[in-house]
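J.: Here it is: the structure, laid out below.
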Amino acid sequence: MKHGIHFFDHSVFTTAIQDFTAVIKEDPSNAQARLYRGRAYAKQQQYRHAIQDLAAAVHLDPSCWLAFYYRGCILRQIDPKRAVQDFSVSVLINDTQENFCSFLHRGIVYSEECQWSLAICDFESVLALDSSAIFAYLNIGLILLLHLDQYYEAVRQFTNAIEIDPLNIRAYVCRAQAYHKINNLSNAVKDINRAIHLYPNKSQLYVLRGQYLMELKKYELASLCIHQLGEMDEESFTSQPVQQALIQSFCQNHNKAIECLCEDTATQPEPSMFVILGKIQMKAKKTKDAVRSFKKAMKLLMTSAKILPNTFEAAEMYYLTGLCYMEQKSFLRARDAFSMAIRLHSSYPDAFYQRGLCRMQLRQAECIRDFNRALALCPSHFQAYMSRAAYYGSKGRYSKAILNCNEAIKILPNSVQAYFYRGTLKYQNKTFKAAIEDLSKTIDLNKTCILAYYNRAVCYHQIKDFRKALKDYGVLLLLELSEEISLKVLINRGLLYMELGDYANACEDFKEATLLSPDDSQIFQAIGICYHRLHEFEEAVRAFDQVLKLDPVSVDAYVGRGNSYMDNGHEARCKQAQKDFLRAIHLNPKCIKARICLGYNLQALGKLQRAWSQFTVAICIDPKCHAAYDGRASVCLQMGETFAAFQDTNAALKLTTTAPLLTNRGIINQLMGYLPCAMKDYQQAISIDPNYALAYFNAANIYFHNRQLSQAYCYYSKVLQLDPRNESAVLNRAITNTLLSNIEEAKEDFEKAICLCPFSAAVYFNRANFYNRLKQYELAEKDISTALSIQPNDALMYKIRADIRGKLGFNKEAVEDYKQAISIQEQIDSM
């Protein structure tokens, strides 16, 4: 017997069996020999002999708890009820720690039989006998987690297991899943990380971590997990080609994924495998290969009658084929594929939607029916609403398009696309403030949405909120823009600056725009206009020269260059300007602008009749051109034809009422002696444009003429508020102050007048009169002498200086001045 036990302990079961058999032959009632031989038979998987020996052992010694235990272990899989009975008898005989395995195995059988409460009782009995039995904690925890939904208690059981064995990977994984159930994702990730640290080559752990990180919205870390999976070479992982292919595809290793699936489809040609292969080929932009894969899948799916079944699986194959044709721009074939998908599965909203897109590309009105059908099948189809909005928008039905955007926003309240498109539709609908609200919402959702900033800036420009428009254009130029958008932003901002009268900044934007588009003549034209407004005429000429290099027949460039020559002030430049105006007229004889500019040019050169003719031709070309009437009126006035000038100005005023035209008519009325009519025109001009200085100045002159000095003073002051460098207004106000006895103010005005116009004889002459009235004869004599040095042949000034010198006692000098005055006057009279 001892010999047999020795071999049994050393796992030499054949020799042990022979020894125990010899004992049993000599003593058939030896229960211990039966027990050991039964156990040896079980080790050699001779379960029938083992059960016979264990049954004999129980019969010979009914108190042998080990015989019941081992027989229960053998019967556990083939007869669970008898196994439970044996384990129960075993624990009745011996319920000490020595026999805790009977409780453990009975608990396992109860678990397999779904008797959860009995199983938990047995596992708790195990723990009562041996508190370090990790397996019991894990089993209780799994029952609570998977079957009784007691997640917090499950976490406690797994924690107990971990406290006993901190290196138990299964405990960490189970607790992670329990944490996941109670939405404690951060702790779930921590436990999975610990498990990966203990077992870094287990692919399923990376899958779980990726899942939990995705739920935590930590997409970059989740993506890293999938990439780690793609780099793993675990045998269990590589034996699953579909999973491996999907992971390689996620990692953008499309060729590797395709290679993996091609090998698998060669040995196992199944429709689903070809569909997955086709999808990955689509991701790899190999649409022709994808179409072939889908066709192979269809062929495998066909019935014996070569007909595809009316299933979603078959419809999806045609749907995916249609997407491939869409990518290839084969819209007719794509439409037919989507139609086939709809025929096989009539409740396929995506197929209707994609067919609608095809029909939109083919300009077929039926597309709207497909979008409607897609929405009838799936009322939450966001893209269908957006596509329907795009269709109505393309037809100019903006209100209906906006309603579809509203529905899309109800589905996705934070959609950048929906808010942006609704904003652009509202812009097209001329509801700029509403468009700004939507574009602002777009920017709130996406701070770098370039087109939203651009369109909002255009809307602000439209409603004249220039400050906010400039701010948006400024933000845009700080972002990374394409050259096309940068060019548009610079041009738009330049035009906005021009509208604000800030020609310097406008010019800088246009110059920067020329770096992006050096062959755009219109940009150089704008630069020329800016320089002209800045009185930098030479620069303006150079800009217009560049326009004419790019576009030699540009009428506007010739007119612009001609105006720049004109405003330069030299007679030679005026003649060059005349040539440019004539070239413009030669290129376009009906160009009103060129004829008007030529008219003013001829007037400046003193060729009044020819100037009059040009203005008249302009009026014949366009009888409603008020500028031509105004120009002809100025020529008539210069020719002394006051009434004709009056008629032309009235004709211009019938076409448009502006402050300059009313002021011009006022001047004509004033020349004709109709001062009340002139004053009425000036006052009307002021009411139309309260900032038009010339109207105030002429009205002030009439007040001065009528000796209404207080009113004249107020109007001259208003002129100087609007135009502080108007020397005529300063001088006239100085004279008015003199007559009003505002001595100090008069002095200040005369000083300003001299600063503004230091070589004006009139200023010194009037200040001499001012000092003469104040009896400050020395200052008066000095100013009148200065006036005479500037204008030496003026008899009146000699006569006044003679009077002043007489008062100073310079009689001899006074007599000489009187003689000089008489001499000059005689010369004038004799002429």
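Glycine is treated like the rest: Cβ placed from N, Cα and C.
Pasting the relevant annotations from TrEMBL:
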type: REPEAT; residues: 31-64; note: repeat 'TPR'
type: REPEAT; residues: 169-202; note: repeat 'TPR'
type: REPEAT; residues: 271-304; note: repeat 'TPR'
type: REPEAT; residues: 315-348; note: repeat 'TPR'
type: REPEAT; residues: 382-415; note: repeat 'TPR'
type: REPEAT; residues: 487-520; note: repeat 'TPR'
type: REPEAT; residues: 521-554; note: repeat 'TPR'
type: REPEAT; residues: 659-692; note: repeat 'TPR'
type: REPEAT; residues: 693-726; note: repeat 'TPR'
type: REPEAT; residues: 761-794; note: repeat 'TPR'
J.: For the repeat 'TPR' (382-415), what are the same-chain contacts with Cβ under 8 Å, counting residues 6+ beyond its ends?
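T.: Distant Cβ neighbours of the repeat 'TPR' (382-415) are 349, 353, 356-357, 360, 367-368, 371-372, 374-375, 421-422, 425-426, 428-429, 445.
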J.: Restricting to the same chain and to residues at least six past its boundaries, which positions have a Cβ under 8 Å from a Cβ of the repeat 'TPR' (659-692)?
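T.: For the repeat 'TPR' (659-692), the list is 626, 630, 633-634, 637, 642-643, 645-646, 649-650, 652-653, 698-699, 702, 705-706, 722.
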J.: Mean pLDDT for the repeat 'TPR' (382-415), as a whole number?
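T.: Value for the repeat 'TPR' (382-415), mean pLDDT as a whole number: 93.
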J.: With DSSP, how much of the repeat 'TPR' (315-348) is helix, how much strand and how much coil, in residues?
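T.: Split by secondary structure, the repeat 'TPR' (315-348) comes out as 27 helix, 0 strand, 7 coil.
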